[in-house]
């Protein structure tokens, strides 16, 4: 300790001997006969010396006090809890302050004053882990440093490393966003307006300056993990902002599940990213209109699909389908080829000895067949589309004679469950499945399996599920739930005279094959041939079509706009208006009155 004090004293006391000597005039040597100085003079010299020593002590003390208690840098940590750490010039903690209620929970009764920065960060991040603010589904921390440029890199690196190591030790892959605070009036005002930290305000400000897709009002409500997901999509190049790791998406359904839902909602159930003819252009998690969504764009069967899926519920949020001339062309298979492929999958001979029951897949919006047959003591069930993609596959050994799919449907109709028949339902899907049940008596559990048919059908906004025992024909009700096929609903509004989706596909193909003529020229309402601009609906009629589809009254809308445009020879109206806090955009075919595009977003 004495050595440290001596060193501090030495460093704090300037060596001014040489400069003082230069400033003093050269003194002549006194003659030997000069009398000795009186005692009072020696006392004055001693007093001056004491004063110099006292001044040095005060200087050292001042340096010590300033070094220990003056704030030289500020580090804020944001997850959803927000805390602020003030440091002295030795990177010792001067104070820690909670900036919101969650921050108060994290800080608790901890007294971190005087501790090293790494120790304080460890304690605070550890508390966030214990209280569930950091986990596998929320792994992002925003580190904001307000310091000199020279000190920033060292502080940011030390904090990032401490957080990364601590989360890794808890088997969590860390995502750390670090930024050098460049506070200005706009950022300070944003932080004050929404009651958030300056660090979070600067991150929100940075994102909205780099992208017009988001507003400050939307982003301030998001967690740091959600902001990290957005930041990862934008790939912002900013010298004051860096990002290590990836923000967790484990709180959401996942890209694969979202893509499967998108295929199912578009009537392409069973397709995957690797299916023949499918090209997925984009599948990303993003924030849109107040919610986290998966934005999916893919090409298939001559069309381009844009779909948004709610990242939490898996519900369809928005979709748009359009013809795409650049869609890769894939050769289609005929019915006989599809049957042959199914037999080949089962290892069965394709010589007519195996009887295959073949029906069209009514639940799909693409040509596909359901195939059922038995061979070698096993039952096989496939759904294969016209491109050879296997959408559903089932095989199981069975020692009993089974009902055919057609016989299973007859058994269901005879049971008269809910008064439903195959004639008055839509999208009937029949598949073979294995039903497993277990019974526990005491310490013994017995497991039984049976082969059954799953019958899925839609009627009057409800989706029904039934099971039919493949041996006895016994019918069991499984569930009934609300289900609206919004894609079919939109299609029927656009093409009221053509109830089947396949007709729309035919119009698609013929429009393309006829050299880009207007959609109404061949099909649409199948109302005959139209040439030139004959049959074009008026702006008023187009607007009324959209208002009816949106379910709003003309008297309630604001700022309506309607403009006639054309693309690839097709004339259509672009319509925009506002109503009850929402902004509507639509495109209406000027010949058929069909709605080609419809969007509804918060104003």
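Glycine too: its Cβ is placed from the backbone N, Cα and C atoms.
Positions annotated as transmembrane segment by TrEMBL: 45-67. Summarising the annotation, TrEMBL assigns domain 'Anti-sigma factor RsgI-like middle' to 73-203. Per TrEMBL, domain 'PepSY' is recorded for 253-318, 403-475, 537-597.
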Residues in the domain 'Anti-sigma factor RsgI-like middle' (73-203) grouped by DSSP into helix, strand and remaining coil: 58 helix, 35 strand, 38 coil
Number of helical, extended and coil residues in the domain 'PepSY' (403-475), per DSSP: 14 helix, 41 strand, 18 coil
DSSP-assigned states of the domain 'PepSY' (537-597) in counts, ordered helix, strand, coil: 15 helix, 31 strand, 15 coil
